[in-house]
Amino acid sequence: MLGLSKKDTTFLLIVIILTLATPILLQPFPENSALAQFNAGYPDLMQRFAIFGIFAIGFNILFGLTGYLSFGHAAFLGVGSYSVVWMYKLLSYNVVPGLILAIVVSGLFALLIGYISLRRSGIYFSILTLAFAQMSFNLAYSVLTPLTNGETGLQVYLNDPQVLMDESSPTSPHFFGIVMNESVKLDVGGWLFTFSNGYYFCAIIAIIVFYLSMRIFRSPFGIMLRAIKTNQTRMNYTGLNPRPYTLAAFVISGMYAGLAGGLLAAMDPLAGAERMQWTASGEVVLMTILGGAGTLMGPVLGAGFIKYFENIFSKINDNILHTWFAALPDGIEDAIVFLIHPFIGKGWHLTLGLMFMLVVIFLPGGLIEGGSRIWNAVTGKNRRKKHDAEHHPKPAPHVS
Amino acid sequence: MDAIILQVLNGLDKGSAYALIALGLTLIFGTLGVVNFAHGALFMLGAFCAVTLQKILSLSFTVEDPTQKDFLGNPLKVDTPYVVSWFGDATGNAILNWSVPLAILFAIPVMLLVGYVMERGLIKHFYKRPHADQILVTFGLAIVIQEIVKYFYGANPIPTPAPDAFRGSVDFGVMIGFAENQIIYPYWRLIYFLFSAAIIGAVFAFLRFTTFGMVVRAGMADRETVGLLGINIDKRFTIMFGIAAAVAGLAGVMYAPINSPNYHMGMDFLVLSFVVVVVGGMGSLPGAVLAGFLLGVLESFASMNEVKSILPGIDQIIIYLVAIIILLTRPRGLMGRRGVMEE
């Protein structure tokens, strides 16, 4: 179906079903129960899953397939947000023109940056992209203030033209009249499910771009990109010029990032320069690596994982911990809470950093590799298939 | 003319921080071949060494002074730092006042230890891994170090004043033959420049004139051969990692009075100092120093109003612009060796 093999079609269908059922699946605990704080089924968070999923899928097309580690992808995210808010200001709150503009502008921007940065590979490429992103960030704060509104951030004011607005138009982001932040709430015996328009809008776009990335992975173009990662020199000797392929991958992933940035502004009609800071670029690298670079599902899992734990860990505080460990004797309870305290609440970044180090050290393939290792251990597969180092040497990425 | 000299001073001053951090980064890259994204965090740890020493020295006990009354009529409570009570008023207050220069002595062993532990505990396992993995793991480490510092010291900048003797400004113009009040420059910034020049000189002298340094230089040129000669080069490289950490730490200690240390100051410097390393040439020590000062001076000239009125915003991007031009036209950097990371 749709040009996919049977296995891929099943995979895609599973992904679609899971995505559409997310508001139910992420709400496993009844409201008012002690575990309700682990629920993630509220619109804001689910939209973030979808949006950062898109961002990571796009980043993975570049990093996962070609091995070029970009440290400046947040620039495209910022450009996408700014485009959408500008369309709000000039036309109306309909997100469609903005998203189209976001994709086009970030694509052009990526073409420019990619054309220059891709002349170098390895760490030089990382530093060039980092330099470009920091340049955009600094400019957005200083000279480009008329375009970006500087530190305040770009937002819609009452005196903006908004030429397509009339009396009946919604006054918040909408898709041809479907308002993003409206939702249907469903109460089923204590379980509260929220089906929000915004989430489904992002989710459908996420499914479409996931399908696209699947096609890219399976296409001859995708195989060419993998060839670049495996051995660029050999590719040169075969008479192929890798540059057009890497540039195409860079532009595609830039457009994905622009789309994600645009959707962030569709969620909340605001755009700030801090979205372009290099820590934001680092975040998408974290997501991709954590999930598993070069796999289809990995980046999405990584994005969901990071956003979920960011949300949950930063909500937990000492009082909640005390209620959890209340059954233990007082001294032990206090000791445990004292030990966990630095890792929760505001200390969430510490947990993230540690987790990230552990993944890079012990599990370079990310969560996906971890999952398949466990699976192999359970089914006993790896005992039969032993790695033959002499005839199948591990491909060493030349772009490191 | 005086405006230009002032900008050169500003530039050298900014450049000294860049040069010191870039020097450490290059030492690590040149010896171990590791791209260390946690180097900015080491700089930040250095600054917090100064903060810590200041806090330790000003630990005090409270006594009630019955001779004085506060406005409620209770005996006045007086905080006396322990050092003051031990060494007497004059010496004790002097020690407190000079806590930042004293922190240099405190920071050297601490940072050497931090560097040693970091190399043996983590970096060692990443020699054979691709550069991307090294970048990622040290990036994670930088986050962890930052967050630990934030946990203990809070998110706000902590003022760490310089000794009273070096507060205020000096009329620098008079020293080099200008009229009075033409070039006035803060004392501490001049000291920072002299200090970093001394450190850079010391590192180069160490590498140039000691046997240890000679072995390290030989190892940088051809690690395998040095190993075959029966020299344990790994051990020496580990020590060099410690020294690089100490250099970054010292840069941080002395920087504390210029900008009150906060937990993310390292990240702010890291990106810039990487750019400096690339401009200077990966693995080239003189290149790193030269590029550090050069970019510092360029940056401060770009922030002159005359320049900004022609090219608005140039002060924000000049460093990155230079880096992009250098990378595209001369990828091995200003003083990089031919063939080192030219791809």
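Cβ from N, Cα, C; glycine included.
What TrEMBL says about this protein:
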type	residues	note
TRANSMEM	A:45-63	transmembrane segment
TRANSMEM	A:94-116	transmembrane segment
TRANSMEM	A:123-144	transmembrane segment
TRANSMEM	A:198-217	transmembrane segment
TRANSMEM	A:244-264	transmembrane segment
TRANSMEM	A:284-309	transmembrane segment
TRANSMEM	A:321-344	transmembrane segment
TRANSMEM	A:350-368	transmembrane segment
Exercise. Can you name the far-off residues of the same chain, 6+ from the ends of the transmembrane segment (A:284-309), with a Cβ under 8 Å from a Cβ of it?
Worked result: 11, 15, 40, 45, 48-49, 52-53, 55-57, 59-60, 63-65, 69, 71, 73-74, 206, 210, 213-214, 217, 229, 257, 348, 351-352, 355-356, 359-360, 365-369
Exercise. Among A:94-116, A:198-217, A:350-368, which stretch has the highest count of C-beta pairs below 8 Å with the transmembrane segment (A:244-264)?
Worked result: A:94-116
Seminar exercise, completed: Other same-chain positions with a Cβ less than 8 Å from the transmembrane segment (A:198-217) and lying at least 6 residues past its termini are 2-4, 8, 11-12, 15-16, 19-20, 22-23, 43, 46-47, 50-51, 53-54, 57-58, 60-61, 65, 95, 173, 175, 178, 180-181, 183, 252, 256, 259, 263, 266-267, 296, 300
Seminar exercise, completed: Residues outside the transmembrane segment (A:321-344) whose C-beta sits under 8 Å from one of its C-beta atoms, at least 6 past its ends, are 34, 313-314, 350-351, 354
